[in-house]
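Undergrad: Encoded as structure tokens, here's the structure I'll be asking about.
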Amino acid sequence: MHDYQQKFIEFAIQRNVLRFGEFTLKSGRTSPYFFNAGLFNTGNDLLELSKAYAAAIARSGLDYDIIFGPAYKGIPLATVTAMALATDGNSKPFAFNRKEKKDHGEGGNIVGAPLQGKVLIVDDVITAGTAIRESIDIIRAAGAEPAGVLIALDRQEKGNGELSAIQEVEKEFGIPVVSIIRLEQVLDYLKSNPEFAGHAENVASYRDRYGV
């Protein structure tokens, strides 16, 4: 595990973004953990989050020209990631979409830089992949191509079939999905910290049952 990944896990736990217990998911499954990136809701939270996204991009080696944040959650994520990259001397344009088109002023449903070249999509998680598919449609309609997807957490969990939602996106569009952390790293962290020993066992059992 890299330093930025351990720091991100610790910070997510501290901010109650990553919690352990018993949670009923939309899928109906009972999960021993829950990740809610919406609780990164202060300026400092976004600062720390942006550093983790920038570190994940640097490690991934992804080749891209512009950052895109799907409305709504992806908008602040793309914005702060672009800022963190600029701090590291890697300034990239960014854009996001509106849910509704405007018929006055700045027209269209894209705000920010024009979508062109290779586009990196930044979001919090991929659950069903719907937002990512919509983003790819928007990107291609603008004449650009998706370069990959960057998310905070890869649950490494099967969907309805044998593949995870992330694997389905990778297979369908032929693009990589990069995450700051994966469930296996969360599990490693839990195992290495005695205070989380009980949670480690529950997460490991869940991963054995639903993992990919």
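The backbone N, Cα and C atoms fix where each Cβ goes, glycine too.
According to Swiss-Prot:
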- Lys26, 72-73, 98-99, Lys102, His104, 123-131: 5-phospho-alpha-D-ribose 1-diphosphate binding site (BINDING)
- Phe34, Phe35, Thr127, Arg155: orotate binding site (BINDING)
Undergrad: Nearest by CA distance to Thr130 (5-phospho-alpha-D-ribose 1-diphosphate binding site): which of the binding-site residues is it, out of Phe34, Phe35, Arg155?
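TA: Given the candidates Phe34, Phe35, Arg155, the nearest one is Arg155.
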Undergrad: For Ile126 (5-phospho-alpha-D-ribose 1-diphosphate binding site), list the number of other Cβ atoms lying within 10 Å of its Cβ atom.
TA: 24
Undergrad: For Lys99 (5-phospho-alpha-D-ribose 1-diphosphate binding site), which DSSP three-state class applies?
TA: strand
Undergrad: In the structure shown, which of the binding-site residues Thr127, Thr130 has the fewest other Cβ atoms within 10 Å?
TA: Thr130
Undergrad: Which of Lys26, Lys73, Lys99, Arg155 (the binding-site residues) has the most other Cβ atoms within 10 Å?
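TA: Sorting the candidates by Cβ neighbours within 10 Å, the top entry is Arg155.
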Undergrad: State the count of C-beta atoms found within 10 angstroms of the C-beta of Asp124 (5-phospho-alpha-D-ribose 1-diphosphate binding site), not counting that atom itself.
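TA: Counting Cβ neighbours of Asp124 (5-phospho-alpha-D-ribose 1-diphosphate binding site) within 10 Å gives 21.
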Undergrad: Indicate whether Thr130 (5-phospho-alpha-D-ribose 1-diphosphate binding site) is helix, strand or coil by DSSP.
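TA: Reduced to three states, the DSSP call for Thr130 (5-phospho-alpha-D-ribose 1-diphosphate binding site) is helix.
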Undergrad: If you count other C-beta atoms within 10 angstroms, which of the binding-site residues Phe34, Phe35 is the most crowded?
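TA: Of Phe34, Phe35, the one with the most crowded Cβ is Phe35.
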